[in-house]
Every structure is written in structure tokens, then in C-alpha cells.
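**Student:** Let me give you the structure first, and then I'll get to my questions.
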Amino acid sequence: MSCLELYSSYTRVWIPDPEEVWRAAEIIKDYKEGDPILHLKLEDESTLEYPIGQKDNPLPFLRNPDILVGENDLTALSYLHEPAVLHNLRVRFLESNHIYTYCGIVLVAINPYEQLPIYGEEVINAYSGQNMGDMDPHIFAVAEEAYKQMARDEKNQSIIVSGESGAGKTVSAKYAMRYFATVGGSANDTSVEEKVLASNPIMEAIGNAKTTRNDNSSRFGKYIQIGFDRQYHIIGANMRTYLLEKSRVVFQAEDERNYHIFYQLCASASLQEFKDLALTSAEDFTYTSLGENIFIDGVNDAEDFEKTRHAFTLLGVKDSHQGSIYKIIASILHLGNVEIRSERDGESCRISKDNPSLHHFCRLLGVEQDQMEHWLCHRKLVTTAETYVKSMSHAQATNARNALAKHIYAHLFDWIVQHINKALFTTTKQHSFIGVLDIYGFETFEFNSFEQFCINYANEKLQQQFNSHVFKLEQEEYMKEQIPWTLIDFYDNQPCIDLIEAKLGILDLLDEECKVPKGTDQNWAQKLYDHHSSSNHFQKPRMSNTSFIVVHFADKVEYQCDGFLEKNRDTVYEEQINILKASKFQLVADLFQEAKEGSTTSVTTSKGSKINVRPVKPSPKPPNREHRKTVGHQFRNSLHLLMETLNATTPHYVRCIKPNDDKEAFSFDSRRAVQQLRACGVLETIRISAAGYPSRWTYMDFFNRYRVLMKKKEMASGDKKVICKNLLETLIKDPDKFQFGKTKIFFRAGQVAYLEKLRTDKFRAACIKIQKTVRGWLQRIRYQRIRKAAVTIQRYGRGYLARRYVEYLRLTRAALICQKQLRMVRERRAYLRIHRAVVTIQAFTRGMHTRRLYQEYLQHHKATIIQKSVRGWMERKKFRRARNAAVVIQCAYRRLLAKRQLKQLKIEARSAEHLKKLNVGMENKIVQLQRKMDDQNKENRSLNEQLSTTNASLVAEISKLQKDLDLMRSRQGDSNQLTSLQTELERLQAEVQEAHSEKKRLEEEYRSEKQELEQVRCVYRNECIVPGGLHSHLTPGDLTEVIKSQNFASFPSSCQEAGLQAELDAERQRYQNLVKEFSRLEQRYDNLQEEFHPGHRRNPSNQSSLESDSNYPSISTSEVGDTEDTIQQVEEMGLDKAAMDIGVFMKLQKRVRELEQERRRLQTNLEKMEELAKRKVSHHRQKNSTSEQESADLAYNSLKRQELETENKKLKNELNELRKAIAENATKNSNSPSSEVQDSYNVLLSQLKAANEELEARKEEVLILRTQIVSSAQQNVEANHAPEWTNSNKDMDKDEGLQDYQGLCESKSQTQDWGYLNEDGELGLAYQGLKQVARLLEAQLQTQTRQHEDELEALRTQNEMLREDLERKQELISHTLSLSPDAQVEFSIQQELTRLTNENLDLKELVEKLEKNEKKLKKQLRIYMKKVQELEASQAKAQPSRARPELTRQVTVQRKEKDFEGMLEYNKEDEPLLIKTLITDMKPHNVSATVPCLPAYVLFMCIRHADYINDDQKVHSLLTSTINAIKKVLKVWCSSFFVSFRSILCLIQCSCIQFYGFMTHNTPKQNEHCLKNFDLAEYRQVLSDLSIQIYQQLIKVAEDIMQPMIVSAMLESESIPSLAGVKPMGYRNRSSSMDCDGEGPGGYTLVALIRQLGQFHSTMADHGLDPEIVQQVIRQLFYCINAITLNNLLLRKDVCSWSTGLQLRYNISQLEEWLRGKNLHQTATVGTMEPLIQAAQLLQVKKKTSQDAEEICSLCTALTAQQIVKILNLYTPLNEFEERVTVSFIRNIQGRLQERNDPPTLLVDTKHIFPVLFPYTPSALSLENLHIPASLSLDFLTRV
């Protein structure tokens, strides 16, 4: 096919554009050869006539199909050219936010200027071990490729990171080193990887600065070598640096900064340790304020400085050295502030004596200030004869000061790099290394100087190496596929390199001019013009004589010669250096001393780098004076050394691109991007690939993609290669356009696009044919529908016209009638209107006359009324005036009369007669009062006499009574005490009664609560019955109400349950993580021991190693003995009634012992206090003092004793009540009560009651006797003679008697007189039995409570299941009601058929399982019978020959009933053999056909015998040896796979279950097998931790087996054949990273994965693993499948498609079907796959409208917002008929998901392990009937 044929209509092309570089257009008219114009249509619908010329303007570039846009690898594009590369990068960067893209062997990284969550540890784990083309492009993929090739090829690797300033080189190199530090961590705990990472903040602080293009720009190049040992663990590192930009120390452009360390130190100047540096803000120093902006947005210099200091400390830099470093840096700042003043002559200068900056500079460096002040302004000229000291001008002195500052900083930089290398150096032999080169990219500015020249020179060398490497890889690929190799012309920049470094090149001429005494930049430029004007890579500018142009591989660069010589010389005066060498600070002096005696280069020497390369020529001997060695010469030597290193390694390339100059996040400037793509060699890679056969397909992929172009007869052949060859020879006539390799087909550029066009045309033709047929069918149906409608319309139209005519006739007749009536009505209305008008006029006229007459009469009447009123008013006014005058006259006269009468009364009052009348009767009253007072006085005197008499008699009587009272008190002191005790006893009894009432009240509350729970359970049961009759009894409204009430009823309990479950899981998770960490530390400890003690070690077989391997204590014999009676009671009572958790039982037992000890202590203290009180009483009686206080003390102590006794009674009563309640509950809640157990329990209760009654009687006797003893002792004390005890042979005083009394209840050896109180220790036995019964009853109560909680939990679970069933049925009802009656009938029939079919299938499966189990059991029975016969025969033969002395004891004890007790006896020396047989050398196949967990049963039977003979040492030794053996087995098998897996399953049984003994749900015979003398509860924690460790190792082994299979089975294999499409693949899918050819991960299918799961499940089932543990293991494995699959889906663009979603859903359904087959579908395992299910649904749902976005947000609840957006960004159509997800739709999704509080992580944690719970499963096996097969070789064990 001709290339011109592609330029047809609708073909899209690229045309040049000045703004966007390249612009898309579409051809609207076919192009023919020779046409001068190409007719195009732009994206804005405008047309363009594009001129075509042979040379000036060739045909535009063709665009790739949309299906290829956004590819991971640019080499996968059909058309490889600049616009295609630029467009693909733009789409990936802006629309998908992908910053990494492959371009052949190059990784293109675009700086997003934003922090992205794609560098976490989970991402590192996802890329670890993956091939480079399998995952999306990433810096981790390149690092993994380098690490893998280093391990596979055993060859050193290099990662070359280059790019412009601000493109992200430093960050990319940092992430690459982080990957190596994580994947290749150090083998020991030296933390070398941490030190390697710690060097980054130091180098960024001293070597990075803010520029106009980048806030953290590296101003030097570095090459870091990370060394690895033979196990490929990091052992050390080394760093080399190149061309530090020293000029930045003294000069910064606008809006730039100096190195970060200066600003960090200034920001921390306020710290106490930096006060001596005399630093202030960075604005105050010249060297840090030239850029006029000392801050960076979002950067805290003080915090960064803390990180730098921490890094120094981590690398081992001493605090003193750190302080010296900070002093040197601060001195440079002060040196910049030294003010140099010019003298008047202009030829000299001076520095002020009191300049503080100079003082600080000299003080910090420890040099003489006067000398430094002098030599900063003067210099020494040395001639042959004399030495002159010459003054310097101001400009010269300033340059000298700046040169000194640069020189100091450069040497400090080299010193820090050297010490970093020392910290990273290792004495271990380095096997290989990976180098990371972070070097500056090609630079061109408006003003280009010496630094840019060196940078571009280095890039020329690197580009040459890159071109040759790419060419070499292409050649290897062709030779591998056996394709004829033709020489490809590629750009060779050797002439440009020769121009720079060859003899008499630019650098040679520069060095020569530097040696000339008066050499200038102008002279050097003229020499360049003279020598190189004829070179094609050298040009002279037209308008300048001091600059030159070099034609580099990327672009032309014009260099200004000004400053070249000065920078190349890098001159610093020797006098200033000598002053620094004489510094009193050792570091400063050594800094410059080392510089003088150093090696040839100012950068890192070759000795410290340890590069395994040999230079071509030996380096020349350095001259004595270092200033004679120019910077250019040093840089050239170090660059040659670098190139030798890179050529000796396998390089990997990372090209960093800066998308814009404004540092905006995800903003793409096409012009800037194209410049960098041209400069970094990406387009050269494309050009080399396009020159050969860039497109490459495997035969199978080509067949799957383009078989639509084949005919049916062509596909008859079975050989895919032949089919593909025949097809290509038919489609492409030119044989040079393709080549057939061994495994691939190679195409020229554009041929894949041609094939895609043919395929699209084929699809388009098929679509047109389908559309034609469908449209014809639709038109025929439409025509028939229209014709039928037309006939119907005509029929209805004609009927309508007839009806309308009849209606017209009817309306005409009606109109005539209406007209007649209307005319009649109109005339009548006219007449009536005239009549009404006449009548109205008459009425108005008559009314007017009448109103006028009425008005006249009205006026006359009103005038009359007014006259009447006026006249009346005048008369009334006259009358009131006369009446007022009369009243005034009367008042005046009456006042005159009153005055006269008042005067007469005053005269009479002054007379004596009046006074006499007033005092008549007063004298009589006074006499009566006097007489009454006398009578009262007499009566008072008589009463006083009587009172005195009475008082005297009372005093006499009181004194008499007092004497009697004293006498009575002296005789009857104990009686008063007894009375007070009785009173207090009554009060305490009242309190006890109140306590009993309170207890009854609590019991009533408990019963009421229990009844409420029963009612709730009944309600749940009633609600569970509702769905059964749903169709016949409930309407949809009633059903809704039931569901609402059900939800409201169960909401609190479900919430509480969920919260408790979550807390339990979290606590269990934390504990198991601690166990895992302990196991890791224990393993580490063992490894260290092996390192320190190599060789074969052996311990004696009888020596216990628990102390070394375990931190858990042994069993205490005393504590074990305390539980003997308790265990005996458990045996008598029956475990069915005393079910309890052994942990709780032991805690209660311990608590009871503590309470008993506390009671005894209190009893002893009480009796001591009584004795002390009695002594006080005796002492006070002898002194004849009052005894009231003593009596109070005695009463108080007695009350205390009585209170204790009362409390004891209270506890007894509560115990009785508790026992009664437990008996009732045991009777009610027992699932299968047996009469034998119930009878034994009743007998025990009756015995306990009798013991309690006897105990009460004994207690009363003790109290009576105690009272008698106390009273007798007191009487004897009063008699003042020593008492003589009846049954004693010696005299005893009071104290001794009280001591005997105090020890009465505690001592077992009492005198015979008191022996009747406690005959044979009955009281102690009764109390001990009572205490044990209390423990048992409390345990029973706890068990009943747990059973009640379990029942409640089961009811809740059942309720939840019923609720789900109810909701499902409600949905069916609502769906049924919404259908038509016929559809309802059909739907119900379908539902019934489905139900019957499912039931039939379940029954068939059940029958098959039962038949299979029957066959299996019959087979096992035959095997067992055969083995039993063989064993009996062998025992019969071996019995006479084998005789052991230990058998006599067993025979004498156990042969009474001729039955075994389920115990095995062994000798102490046989213990290692027992452990070796059952654990160390145990093979799974040896016990797989026997009883599950047989080794654990055997060990338990051995422990039972040791318990039976009460040998604690034997128990301890056996358990310790067992635990250590299990740990040893785990350590040995930790690295194996399937054998380890099967063996670990057996060990789980051996460690986590069997040693606990038989606890619950056992038969009476099994209850007898419990341990009698020892309590193994302390070993529970040891075994539990060991079980967790085994479980975690089991999970790890299983995951390691499954991990290589998951991705291939779930994402890559075609479970549904021919569904997944195939797209063109790039270089990465055919690179050397693919280390397998047709085998390996690509060969795994879903069937293999399910088969592996089935093997795991069957292995666990065959070994008797508990079903609940099996569920947890399967759940963890399914979580691993979900996590790995989802992580790969999130990191692979090629699998995010609709077809992959369909394949994924099918694969998940197959896994769910497997779960249903194993009866695991109702567990939590299905929930672990929910994120993957939702991801598959997300790939298949519509992604267009806002409604689709809302549905996606509601659907994907198990996925985080980042995961949803990532999948949408990765979604890739597999053909052109699918549509991409638009950017607006993704933004809509992001807006809707902002309210979620999802974790910030993108990937799922693949290392997460759910907390494991080991259940206890009761065993149905009887130990006495256990059969031990002869294959175990346990003949040294003897049955007991």
C-alpha cells in the first residue's frame, strides 16, 4: 500500500502551529499525488488549504487512532513522530493525571508540581517483583527493573536521571533510592538504608537552592552508588559530586535564593546553642538577600534545619563537628557583610578596625583578625628576585573576598560529602551496585556562561552514550528474532564532543589562555574564531566578538565569553588560605590542609567510590599548586571517570520534563515540553525506533486482533503462524513493510495503522450491513403501521363527516325556533322598559313634592324646640344663683355659734371639780394590787422550802445509787458487754435483713429483665413467622409496618453488638500483632545466636530449654495443689452443670484465696485488739479509774467481731440463694439433661445443706465457748491470781491464756478439752467444701450468662437473616404487584420452578456427599480393622519379650476392672524420642489416615500420666520440650512451600487446642480424664501465642504460593474465550524484563487458582482443622486475592476496560460458586471481595450523564474516592466503538465524593491479617479407646 493512499477523506493529521506547536486537522478531500494543496478542516470547524511542497512543506503527519491515544508506551503508537508523542503526553498528563510514560527504554516523568499519593510503601510492594511492562509506568518500575537485572545478570546497573532545573530530577532520584532501601534492606540491623536516605536532606541543604524555575533546584550533579552483597541486601553507598555552582554563594539573581543551609541556620539563630554564631535574619546578610526574597511558600526553614541536624546525627557526624560546620557557614555570611572602603587614590582600600562582621568571621574561624584584615586588602607578588606586597583596589578586594567565600564553601561541601561517604562505607565485600545519577539537563538561557557550557558538555557525553545504547538494544532485538539487520543511521554527536574536548578544542584553548599572564576573554574568543570557524558545530555571532555558538544535539547555544577565564581559574590568594590553615580550630585547619594534600580532583576521589572500572590512560601526576589545575580540566577528568562507570554498567534512563515555567499544577505548555523532548533524547529514541520496525506483535496477539480480516477457510489451519503469514501477504503487497521473526511480527511505521484502518473498515461495513437490514425492517414495520393508521383514520373521518351533517340539520331547525322566540322576547322587553320608565318618572315627581312639604314642617318643629330649651335654661340659672346665696349666709351664722360654745368648754375644763370626777376609784385599785402581791410572796417561800427538802433527798439517793452502780459495774462488767453485744447483734440482724431484702429486690429485677428478654425473643420468633404466610395474610402496607417495627426493635442491640464486636476484633488484632512482633524478635535472637556460636551445637536430652526459648514461668506445685479439691468437686458434680471457662475459673479461685487470707488476717487483728483492750481494762482497774472507756473499747471490738460474723452469714445466705438460682437455671436451660447428672447434683446439694447446718451449730458452740472463756478470764484477773487451766500441767497467766484462746481455731494440735469443737477438722473441711461449691456455682452462673448471651446472639443472627429474607420477599411482592395478572402468574411459576430446581440440586449434592462419605468411612473402617489386627498380633508377639519394671505399678493400680484409664506411661529418657517422633520427624502422610490430631492426643495422655503420679518435673519438661520442638519445626520449615503448609496444619492442632484438656460438653467418662493435680492455665498464653505464630506463618506460606497466580488468573487469563481485545504493545512488553517465554505467571488460569484453593481446603479438612479456623484461613486468602487484584487493576491501564470488567465479574462468580460448594458462602469471606466486585461493576456501567455519576457514587461504597477516580482515569477502550470517560464526568465524580472521609491511601494493604480466634471444639473421642498405629513407632509407651 502506498503512503499517499492514507491521505483520504476523514483522515486526521497534524499541522504545525506557532502557538500550540502542533494542531489537529481532518482531511475533507482525498489527496492525489501532485496536488499542491491539501484541504483540511480544523477542530473549530474552519477550513484550511494547506500547501504541499516537495522540500519546503511536506505532507503533514498522520494522527494515531483514538484507541491508541493515552498509551503507556510511546513506541506502541502506530505513527511515531513528534506531534504524536506530544499529544500522547498531554492527554496522559492533563486528562488522566499520569505523570509517567514509557518511551522505549526511557521513562518520561513530567513534574506535576503537586504531591501525589503514588509513592507509599503499598505502591512499592505492588511494584516489587513485577515485570516492567506489566504495570503502569513508574519510577519504581525502573528501579525494580534495575534491581532485577542486577540479581539476574549479576551486572552493575545505573539509573540516569536528567532534565531541566525544576523538572523533578532530585525527587525522582530520591524515590529510586527509597525503593532500593525498602526492597533491598540491610541483612542486619545496621540500618544502612536509613543512612542512605538520610544523606538526601543534607545534600539538599548544602547543594540545593531556589531558582526562578524551581524552589528546590540541585546546583550540582551527583552519582550515588548503592552497594549490595551476594544476597542483594544494601551494605553501603558512595557519592560523587560534579560542578558545584560556587558563584551562587556570593551572587543570586532576582527572586532566587542562596543555598538552603544559610536560611535554615538563620531561621534557627534564636536557639541557645547558636547564640555564639551572632546570626540574625537572612535579610541582614548580603549573601542571602541579593535575590530580595528570602522565603519559599510552604517551606519552613527551621523545621528543615531540624531534619538536617537529625540526618547529620544519623550519619554519625559528631556534635563538635556539626558545631564547626555551622560556624564555618555562619562565618561565610559574616564575610559577605565585611565592608571594604575605597581610598581616595582609587588604587587601594581598607577595612575598618571595629568592623563587627570581620570580628565575627575571624572569631568563628579561629584566625587572627589583623592578618585577615590586611590580606583582604593586599596581595603578594612573587618574582624571581623579590616579593612585593601590593594594595588592591576596591573591586579587586571585593572579588578576592567573594573568591575566598566560594573557596571556603566548596571545601566545606567536599568535606561533608567525604564524611557522608565514610558513614556509608562498609568493610563487607561489595558484590554489585546500582548507581543513581542525578545530573543537570541541557540548559540554554539568554546569558549562557561557563556553568552552562560545562553542563551542556556533560549532556553531550551522556547523549552519545544514550544513542549507542539504544542502537545496541535495537540490534539485539533484531538478532534475537533472526530478522535481517540493516544499518540504521542515527545521530552521532562525536564531532561536537571533539570540538569541546579534543586537542586544541575549546577546553584546551581555554586552559592555554588561563596560563597566559595577561590572558583575557577577548583573546580567547579570537583564538576560537581562528581555530574552529570551519567546524560545522561552531559558529560566530554576527553582532558580537565576545561570544560564540555551539551547535549541540538539542539546539544552538550562544555562550558569552565574559568570565570564562576567571571561573576556569577559580583563583584564590594563597595568603588568605595560609591564614585559614593556621586556624586554632582543628576542622578549619584540616579542611584546607586536606585540600592541599588531596588527590587530583576537587570532587570525590576515585578511591572512595570503589568503582570496578579501569581508566584507559593513567591520570597525570597533579602539580604542586592547586590553582594551576583549572576547573574545566577537573570537570573533564571527572566526566571521563563517570562515563567509564556508566559504560561498565547497564543504564536505565529517566527523563524529567518541566510542563510549564509558572510552577502551576497540571498545566502543560506544549512549546516548553517540545524543547525538552528534543533536548533529552526522547525524540531521538522515537526516530531510531521508527527507522526500523517499531511495531511488533506476537503471532497470537496478531491473530486475535485481526482475525476479522480473515475468511473462514483461511482459519481452518491449526498453525497460527501460517495463518498470519498468509493474511499479511494478502493485505500488504510490499514485503519490506513487515518481517516475520521467531515469536513476533515486525512492522514498519504506519503499517499497523493501515491494518487498523482495514479492520475498522471491515467493522464499519459490517455495521452498515447490519444497520441496512435493521433500518429496512424498521421502515417496513413503520409503513405497515402508517397504512393501518390511514385506513383507520379514513373510517373515522367519514363517520365524523356524516355525523357533522346531521348535526348541521338539527342546528338549522333549532336556529329558526330560536329566532322566533328571540324576536318575541326582544319586543316584550322594549315594552316593559318603556312602562317601567313612565312609572319611575311619576314616582320621582310625587316624592319630590312630598319631601319639600316635609322639610317645611320640620323647620317649624325645630324652632319650637330651640325656644323651649332656651327659656328653661334661663329659669334654672336664676334659681341656682338664689340658692347659693342662702347657703353662704347659713354657713356664716353657724360658724359664729360654734366659736361661742368652744370658748365656754375651755373655761369649765380649768376648774377642780372636773379633776375629782376623773380620779374617782383609783385608790381602791391600788389597795387590791398590794394585797395580791403579798399573797404571791408567801406562796413562793413555801415552794422554795419544799424544793430544798426534795433536793437533799435526791442527792442522798443519787449517791446511794452511784455506789450501787459502781458495785454492780465491778461485778457485772461482762453482762453490760453482753447486753451491748446483743443490742448491736439486733442492729446487725436488722441490717442483714435489709441486705436480704435488697438482694431479693435485685433478684426480682433480674427475673423481670430475663422475662423481658424472653418476651423480646418471643417477639423475634413471631416476627420470624411472618414471612411464611406473607402472600396470604399481609398487604404491602402491613409488610412495611412490620419491617419498620422490626428495624426499630433491633437497632440498639445490633449497634451494641457491632460496637462490641469491633472492639473485640481491634483488641485481638493488637494482641496478635504483638505476638507476631515477638516471634520476629525471637527469630532474630536465634539468628544472632547462630552468628555468635557457629557450628553444630547439642544440648543434653534431659536439659530443659524453656528458660532460653520461652519467657513464661513454670507451674507452681503449691498453686496446683490448691485446686485439687475443686477439680474433685467438678468431677463429682459433672461438667454439664458446671461448664465454665477455665481462665475465669482460675481467676475466681485466686480471688477466693486472697479473700480467705484477708479474712484470716482480719480475724487475727481482731483478736489481738481484744487482748490489748483486756489488758487496758485490767490496768485501769488496778488504778481504780473509771472503766467507761475500757467498756467502750471492748464493746467496739466485740461489735467488730460480730460484724465479721454477720458478714460471713450474709455471704453464706447469698451463696445459698445463688446456688438455688443456678439449680433452677440449670434445670430450665439444660439442652440434654441426663438423670444421672441431675441426681448427682441433687445429692451434692443435700450434702452441702447438711454441712452448712452442721457448720452453723458448730459456730454457735464456738461463740458460746468464746464468751465463757472471756468472762472466766476477766473474773480470774479480778481475783488477782494466775488461772490454772484444767487440762494443763503448768500455770498460765492472763496473757498466755488469751494467746491460747486466739490460736484455738487456727491450730490443729489443741488440748483435749477443746478438741470436741473441731473433731477431725470437720469445720475446715466444711468451709473448704463451701468455698469450692461457691466457686462452682459462680462458674455455673457465668456459664449460664454466656449461654444466654450466645442464645441472644443466635436470635439476633436469625432475626437478621429473616429480615433479609423478608426484604427479598417484599421486593418480589412489589415486583409481582407491578406486573399484569398474566405476567404475575408467569412470574410466580418461574419462581416456583427456580425454587424446586434449587432444592433438587441441593438434595442431589447432599445425596452425593452422603454416598461419598459412606464409601470413605467404609474404606477407613476396613483400614482400621486391618491395622488393629496387625497391632494386636504384634503386641502379642512382643509381650513376652518386653518387660519393664514400671509396669508392675500400673498393673497393680489399673488392672482391677481390666480397663484402661486413657493414660500413657513413658520413661524420662524416652522423652526426646517421643518429641522427635510426634513433632520433629512427623510427616503429614503418616497421620493423615489416622485419627485427626493423633500426636496431640498422645502427648495429652502422657501428661495425664505425669499428673496421675504427681510428677511436676515431668509435666514441666514434657511441655517445655514440646513447645521448643514446635518452634524448631517452624524455623526449619519456614522457607518451604507445600510440605510446610501441610505440616503447619497438623502443628496448629498440636499447639492451640489439645493441651487445654477436655473442658465442656464431655461425657462423664471424659470428665474423669481431666488433670487432677496440675493446672496448665499458665501454659495457655504460651500455646496461644505459638498458635498465632503458626497461623500467621500458615497464611504467609499460602499467600506466597497463591501470589504468582492471582494476577494472571483474575485479570490476564481469558475465562470467557475471545472476549478480551488485544492492543498494540510497546517496547516494554518485549523488553528484557520479561524473563520467561510462555511460561510462568502468564500460564496460570482461574481453574488453577480454584484448584489451589481446593487443595488448601481439602488439606485442612483432612487434617481435622476446626471449621471456624478453616473459614478464617479462606477469608484471609480471599482478602489477599482481592487486595492483589485490585492493586494491579489500579496500577495497570491495559486491564481497565469493559471486557476486563466482564471477565472479572465472571471470575468472582466462579470463586463465589466455589464458596457455595464448600458451604462458606454465608461467612464473612464474601464481604472481602466486595471492593473487587464494585470495581468490576464500575468498569461496566455507563459513564456519561450526571445520573450515571450519581449511580456510581451510590454503587461504589467499598471503594475510596481515589480508587474510583483512578479507575475512571485508567479506563481504556479496546476498540474505536467504545467511548472514553470525559474529564468533565471525572470532575463530576470528584465533586460528589468530596464529602466522603476516605483514607488517603490509594492501594489496599496486602499485608493486613485479620485477627484470628481459635475456638474450642469438644471431642467425641475417648482416650481409653484411642488406637495408636504401629507406623508411629511408639512401642516404648505403655497404656495405663
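Just so you know, glycine gets a Cβ as well, placed from its N, Cα and C.
Any TrEMBL annotation is an automated prediction that lacks curation.
Annotation comment: TrEMBL describes 69-760 as domain 'Myosin motor'. Sequence annotations record features per position, and here TrEMBL assigns ATP binding site to GLY163, GLU164, SER165, GLY166, ALA167, GLY168, LYS169, THR170. According to TrEMBL, the compositional bias 'Low complexity' annotation covers 599-610. The region 'Disordered' annotation in TrEMBL covers 599-630, 1090-1123, 1173-1192. The region 'Actin-binding' annotation in TrEMBL covers 639-661. Per TrEMBL, domain 'Dilute' is recorded for 1520-1795.
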**Student:** Long-range same-chain neighbours of GLY168 (ATP binding site), Cβ under 8 Å, sequence gap at least 6?
**Tutor:** ALA109, ASN111, CYS656, LYS658
**Student:** In the structure shown, which of the binding-site residues GLY163, GLY166 has the fewest Cβ neighbours within 10 Å?
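**Tutor:** Ranked by other Cβ atoms within 10 Å, the binding-site residues GLY163, GLY166 bottom out at GLY166.
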**Student:** Near LYS169 (ATP binding site), how many other Cβ atoms are within 10 Å of its Cβ?
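**Tutor:** There are 27 of them.
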**Student:** Around the ATP site recorded as GLY163, GLU164, SER165, GLY166, ALA167, GLY168, LYS169, THR170, what other same-chain residues have a C-beta within 8 angstroms of the site's C-beta center?
**Tutor:** ASN111, ASN214, SER217, SER218, GLY441, CYS656, LYS658
**Student:** Inside 10 Å of the Cβ of SER165 (ATP binding site), count up the other Cβ atoms and send me the figure.
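**Tutor:** A count of 21.
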**Student:** Can you tell me how many other Cβ atoms are located within 10 Å of the Cβ belonging to THR170 (ATP binding site)?
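**Tutor:** THR170 (ATP binding site): 23 neighbouring Cβ atoms within 10 Å.
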**Student:** Can you work out the mean pLDDT of the predicted model over the region 'Actin-binding' (639-661)?
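**Tutor:** Value for the region 'Actin-binding' (639-661), mean pLDDT as a whole number: 89.
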**Student:** Taking 10 A as the limit, how many CB atoms besides its own sit near the CB of ALA167 (ATP binding site)?
**Tutor:** 26
**Student:** What same-chain residues, at least 6 away in sequence, bring their CB to under 8 Å of the CB of GLU164 (ATP binding site)?
**Tutor:** ARG213, GLY441, PHE442, GLU443, CYS656, LYS658, GLN676, ALA679
**Student:** Tally the residues of the region 'Actin-binding' (639-661) by DSSP class, grouping H, G and I as helix, E and B as strand, and everything else as coil.
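**Tutor:** Across the region 'Actin-binding' (639-661), the residues distribute as 9 helix, 8 strand, 6 coil.
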